[in-house]
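Over in Swiss-Prot, the protein carries these features:
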| type | residues | note |
| --- | --- | --- |
| BINDING | 17, 19, 103, 251 | Zn(2+) 1 binding site |
| BINDING | 19, 20, 21, 45, 140, 223, 255, 267 | substrate binding site |
| BINDING | 103, 140, 178 | Zn(2+) 2 binding site |
| MOD_RES | 103 | N6-carboxylysine |
| ACT_SITE | 251 | active site |
């Protein structure tokens, strides 16, 4: 019988995809990330979106001001690509160290993406410059054609959009974000070292049956949407393989309770409070704890060309129960796995 480890010591992880929002929401959710993660790629889909160096600097300052005392955390800012973005602004932001990467949202693919790109080949000059200067492109990989079934939008994106981009710009660093399908996992595994992918805890732990059978569970609704179990299994196999193409990106995306539990609920899962223990539980189930540190702490920095973190965090086999909800002024946020117990805790 295999003896289960009681503690796991790994280099401090980074979150390569997060939504921190702004104002009171920012100050409420940020500590759950800054307590555990050293760095995070911060999504730019505010209202209005982050499209200039000045707006990115201002947002970064608001984030830094919200970090609790004693937390060491660095927000890595991103530029929201639009049909009319100035290539010089993009270049200046990257060369000044303000923008770590640029984010491609196909128009209307997800929350606050109405300003996204409606004609992707039209912004190929931006991709050409990004390839030249070594700036990573982060992609929400779904087509938005209303005629395409929501469960097929990621797979269709690979053929219609991602493959042509990669053929045209073979040395452009691309992160295929929050992948949800076997198609995407296989595509990344078959790709070259310029292609990586993030995977969320919810897509590793759940499939669409969990969201839809026995009643609709709106707090599992995110985009890209949870897929069938065969896709979930493929994602689990991908992270358990130890491939360095995959790394941690929670896509933690908080919304207030009433915006989730409504007749037209928002997409997004607020998983920051439980993310690292949730990932550990998946890797343990897959008998792959030996690959947890690389997924959480090594693969991402190496893809981005950044140093790995020097300090460590410890996970201990002490069950902890997620709160049912988290206060936000007069409202609340329902966290991922609300009220449920996870077998791992991050040691304070």
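The chain as shown is numbered from 1 upward.
Keep in mind that glycine also has a Cβ here, set from the backbone N, Cα and C atoms.
With a cut-off of 8 Å between CB atoms and residues at least 6 apart in sequence, the same chain places 17, 18, 19, 177, 178, 198, 200, 222, 268, 269, 271 near residue 251 (Zn(2+) 1 binding site), listed in sequence order. For the substrate site, whose annotated binding residues are 19, 20, 21, 45, 140, 223, 255, 267, the maximal Cα to Cα separation is 19 Å. Among the binding-site residues 20, 223, 267, the residue whose Cβ has the fewest other Cβ atoms within 10 Å is 267. Residue 103 (Zn(2+) 1 binding site) sits 21 Å from residue 255 (substrate binding site), taking the C-alpha atoms as the reference points. The DSSP secondary structure for residue 267 (substrate binding site) is coil.
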